[in-house]
Amino acid sequence: RENFIHLCNPHLEEMKEDILYHFALGTGTHDFPALFGDVKFVCVGGSPSRMKAFIAYIAEELGLGSPGCDYPNICAGTDRYAMYKVGPVLSVSHGMGIPSISIMLHELIKLLYHAKCSNITIIRIGTSGGIGLEPGSVVITRQSVDATFKPQFEQVILGKTVIRSTNLDEQLAKELMQCSKEINQFNTVIGNTMCTLDFYEGQGRLDGAICLYNEEEKLQYLKEAYDSGVRNIEMESSVFAAMCNLSGVKAAVVCVTLLNRLEGDQISSSHDVLVEYQQRPQKLVGYFIKKSLGKV
């Protein structure tokens, strides 16, 4: 059964041309079905360099590229986001925080719609702060929660507060967990992910430029988060889940933890260790894609 992208915007049908400004792409200048019609998997992450590394990794894993092969940035006409493609896999950077990933997702979802893509799986791969987990653990998100531990994304639209669900695809999370068991290289858990509006005060850190609470209050908050099912903290998952839900897209969030926030605030591991940690979500999602394509 073909499952196409659902657009929640009737106004788009009245437009002669749709310019995806932040991608430097447009329906009047690019043949979207020819460029992207075969896409089945979209992986998004904050850093352009990480998403370029991912496309090189997945190309080699799928036998679609040669070592050292360069992959051009499809969005080279802008410096906002970077996009790479190999076979059925699209790799896109989204920057940092809810506003940045939200803008990217609006244009990505329209791109997939204009390309007439079907049966799409979108996975955010990234880094996070862990709660009660050893650094390097990978968290597959069950549902994204806000800073009060509610599974919702709240946005003001036309002056009114709109609340949207942040549940993620349960079956996809189970499939990813099974893949982690099969590769058996690092600790992986399914848990809730807290999405905040800020890296410092919003996540209860003591090391920002401004901090008007003490360590005891911080630890109490993080323990309450843990008791509610939260296993990691990042800054994009809520709007990601909400927008994928509204568009009828199967989605997941897979993030590695760079530290245990119950033990500190600063990321102090060496560069080499952090690079290896950041490769873990790529390995897991890469294996999932290979398995989905019958290449395992």
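Just so it is clear, glycine is given a Cβ too, placed from its N, Cα and C backbone atoms.
Annotations in TrEMBL come from automatic prediction, not curation.
Over in TrEMBL, the protein carries these features:
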| type | residues | note |
| --- | --- | --- |
| BINDING | ARG80, ARG124, ILE125, GLY126, THR127 | phosphate binding site |
| BINDING | GLN203, ARG205 | substrate binding site |
| DOMAIN | 40-289 | domain 'Nucleoside phosphorylase' |
If you count the other CB atoms within 10 A of the CB of GLY126 (phosphate binding site), including all protein chains displayed, you should get 23
Record lists ARG80, ARG124, ILE125, GLY126, THR127 as binding phosphate; longest Cα-Cα distance in Å? 20
Here the binding-site residues are ARG124, ARG205; the one whose Cβ sees the most other Cβ atoms within 10 Å is ARG124
Using the alpha carbons only, what distance in Å do you get between ILE125 (phosphate binding site) and GLN203 (substrate binding site) once rounded? 20
Across the domain 'Nucleoside phosphorylase' (40-289), what is the average pLDDT of the model, as a whole number? 97
Give me the non-local Cβ neighbours of THR127 (phosphate binding site): same chain, 6+ apart in sequence, Cβ-Cβ under 8 Å, ordered along the sequence. GLY46, GLU234, CYS255, VAL256, THR257, LEU258, TYR277, GLN278
I need the most crowded of these binding-site residues: ARG80, ILE125, GLN203. Count other C-beta atoms within 10 angstroms of each C-beta and give me the top one. ILE125
Taking just the CA atoms, what is the gap between ARG205 (substrate binding site) and GLY126 (phosphate binding site) in Å? 20
